[in-house]
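Here the structure is laid out as structure tokens; the discussion comes afterwards.
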Amino acid sequence: MSTTAVERPVPRGATESRRRRVVGLGVLAAVLVIAAAASLAVGARALTPAEVWHGLFAGPESDQRLTEIRLIVQTVRVPRTVLAVVAGIALGVGGALIQGYTRNPIADTGLLGVNAGASFAVVTVVAVFGFSNPFQYVWFGFLGAAVSGVVVFGLASIGRGAGNPLTLALAGQGITVFLAAMTTAVSLSDTQSLNALRFWNAGSVAGVEFDVIWPVTAFIAVGLVLALATLPALNLLNLGEDVARGLGVNIAVSRTVGILAITLLAGAATAACGPIAFLGLMVAHVARYLTGPDYRWLVPYAGLLGAVVLLVCDIVGRLVVRPGELEAGVVVALLGAPFFAVLVWRGKFKSA
Amino acid sequence: MSETDVKPALTPGVRLGPLSFVWRPWLVLVTLVLAAATFLVFCLSISVGDFPIGLSRVMATLVGRGEQVDEFVIMDLRMPRALAGLVVGIALGVSGAITQSVARNPLASPDILGITGGASAVAVFSVTVSGGTAAAVIDSIGLSAAALAGGLCTGLLVYFLAWRRGVDGFRLILIGISVSAVTQAITTWLLVSADIRDVARAQAWLVGSLENRSWDQVWVAFWCSLGLLVVVAAAAFQFKPLHLGDDIAAGLGVRFGRVRAVLLLCAVLLAAVAVSSAGPVPFVALVAPQVAMRLTRRPTPPLIASGLFGALLLIGADLTARAVLPNNLPVGVVTAAIGGPFLVYLLVRANLKNPK
């Protein structure tokens, strides 16, 4: 039978299921560490564990070969590994939260308009200023994501229905639609921004340096703290607004904080990697299948799953079309979607 | 307690032989207004161009009493484009209304059923890749037909993958999202690895356009849509209880499995017809039902009004692109630029009015 963890009668008491969840979380964290180690070792030039270790911790060397390895590890492999972990966590947590706050099981992190806002900002600055380097437009991407997230939430909060999940989802679609049209209009009239757009749209964790990654990580960290803070309220909100209000939840405040968290998480991740579609949606469902509907468990699971999936997909992307690379965002869809479809087909998911 | 059982019906019903329906003046009024507006925009679309023709002369030509010059410009040059807009708009609107009703999810649009994604991937492939057997096959059957075939194959794939002792709306959507994600990834990859000039052409196709329609293409789309709409209308009489959920619908005696399968298949085919005639014009299918629902104040997307609003939006956008905007932008850009904000406006207005 295809029942989720919570619908099952609890057979061995709550402690048992709690222990199982803690173990699951530990397993996921271990898998993440292994994947991160693999991400350091795998690539155009495969490295042995000893070489990776040396590359990470040794100082300058006279040996040409070791210096080269150190350079590869420290300037290429470490940044993209860190970014994949950080962005994966952000998108996973964001995906779980947005499905919770909109109470829509097909909502994803792009829904608040953050992807569309980031894309629009990127093509516009490329068309206007002629930027050619991703470092130059990352910040505009984040700005665009943040602005459109705020606009969507603002529009959905006007009037008495403030932050009604349905209004939020539809307003997000409306704004996304509009910005996507503007993006197309700009990119069709400017070859350079069309060129930037197609690479940006693919979604990749490669080629980003630490001077971009640290600030992005800071935004994501703030988003994570806010996200964790709202989880108990989110649990109650999913019992229905009246129940939640009766139990003392300030609905407007908890929604605002939640949406702010999603905007920070998805906006920062998208600015750094481009829109990575489907990741958040997929891991949120898988996490719900593993943990049941309690968001205090679901969200950490989704975050770790997101990081693992993005890391693994990035590694696979480096291996399959050598000497070239397949962008992580493309691999996420190509690998993740069939896997997800099998789970759906076997009846693993219930609508939220 | 038992008083509730004998409550009189709130709205009077009308019975015509075997058919019965509820008389809803507001719904009828809005639908009529939408029809009139669509017709007006349709005529305007024909009248505007390098050689402007007054509305009265358009009308005269339409009823067959026009001058010869008008006759040529209208019937040979402008009519196919306007008619294509009408057909595609209605097809997308109705398809969206069905998808959203069956899925009971306002974010569901036929795009999710895989047609758009499959058609786009095939079209981009044929634009960006030359040489090889696949490219040769596509060249020989033409871009539109190839895209249609790609869209239908993907649509059917989604449908079969979602089939497991019947089709469940939620499973269908999740499978559809997965399959669409794959086709999207393939499209992205093709775009990333292609030459930038081909990318521009592919991008133009991906936006959707009504340029250069011929009568042949329009007639195919017209008859296909008409046939499908007849089937939809027949099935729609059993449609209403579907919104209430499977159990209630079954309790009311609707054979929901079959009705839903027929309706979904029609939605897939209508979307495929639309995509093959105009490219993947975005958002009409998503926006039209939501707007029609709010204009008619119904709790679920009304089929006729959704179709009419889809047509109104598409022809209006095409008209705007030709008459007002510079650069001859494709219609898809304008539908999105108009449809998105209009949806947001309706939402905000509804929020300001109804305390909830």
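From the backbone N, Cα and C atoms, a Cβ is placed for every residue, glycine too.
Taken from TrEMBL, the feature transmembrane segment covers A:22-44 (among others).
For the transmembrane segment (A:81-98), the list of distant contacts is 32, 36, 39-40, 107-109, 111-112, 205, 208, 210, 213, 216-217, 220, 223-224, 227, 230, 234, 258, 261-262, 265-266, 268-269, 272-273, 276, 279-284, 287-288, 295, 298-299, 302-311, 314, 328: same-chain residues at least six beyond its ends, Cβ to Cβ under 8 Å. If you look up TrEMBL, you'll see A:81-98 (among others) marked as transmembrane segment.
TrEMBL lists A:110-131 (among others) with the feature transmembrane segment. Tertiary neighbourhood of the transmembrane segment (A:110-131): same-chain residues 98, 102, 137, 140-149, 151-153, 168-169, 172-173, 175-176, 179-180, 182-183, 186-187, 189-190, 192-194, 196-197, 200-201, 259, 262-263, 266-267, 270-271, 274-275, 277, selected by CB-CB distance under 8 Å and a gap of 6+ residues from either end.
Residues 112-122, 124-126, 131, 162-164, 167-168, 171-172, 175, 179, 196, 200, 208, 212, 216, 219, 256, 259-260, 262-264, 266-268, 270-272 of the same chain lie 6 or more positions beyond the ends of the transmembrane segment (A:137-156) yet place their CB under 8 Å from a CB of it. What TrEMBL records for A:137-156 (among others) is transmembrane segment.
If one looks beyond the transmembrane segment (A:168-188) by at least 6 residues along the same chain, the residues whose Cβ comes under 8 Å of a Cβ in the stretch are 101-102, 104, 107, 110-113, 115-117, 119-120, 123-124, 127, 148, 151-153, 155-156, 194, 197, 259. What TrEMBL records for A:168-188 (among others) is transmembrane segment.
Nonlocal intrachain contacts for the transmembrane segment (A:212-237), taken as residues 6+ away from its ends with a CB within less than 8 angstroms of a stretch CB, comprise 79, 82-83, 86-87, 89-90, 93-94, 97, 100-101, 135, 138, 142, 243-244, 247, 249-251, 254-255, 257-258, 260-265, 267-269, 271-272, 294-296, 299, 303. What TrEMBL records for A:212-237 (among others) is transmembrane segment.
The transmembrane segment feature in TrEMBL is assigned to A:257-286 (among others).
Sequence-remote contacts of a segment are chain residues at least 6 beyond its ends whose Cβ falls under 8 Å from one of its Cβ atoms, and for the transmembrane segment (A:298-321) they are 24-25, 28-29, 31-32, 35-36, 38-39, 42-44, 80-81, 84-93, 95-97, 205-206, 224, 227-228, 231, 276, 279-280, 282-284, 286-288, 290-292, 327-328, 330-332, 335-336. Residues annotated as transmembrane segment in TrEMBL: A:298-321 (among others).
Annotation source TrEMBL lists transmembrane segment at A:328-345 (among others).
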**Prompt:** For the transmembrane segment (A:257-286), what are the same-chain contacts with Cβ under 8 Å, counting residues 6+ beyond its ends?
**Reply:** 83, 86-88, 90-101, 105-110, 112, 114-115, 117-119, 138-139, 141-142, 145-146, 149-150, 153, 163, 168, 199-205, 208, 212-213, 216, 219-220, 222-224, 226-227, 229-230, 233-234, 298, 302, 305-306, 309-310, 328-329, 332-333, 336-337, 340, 343, 349
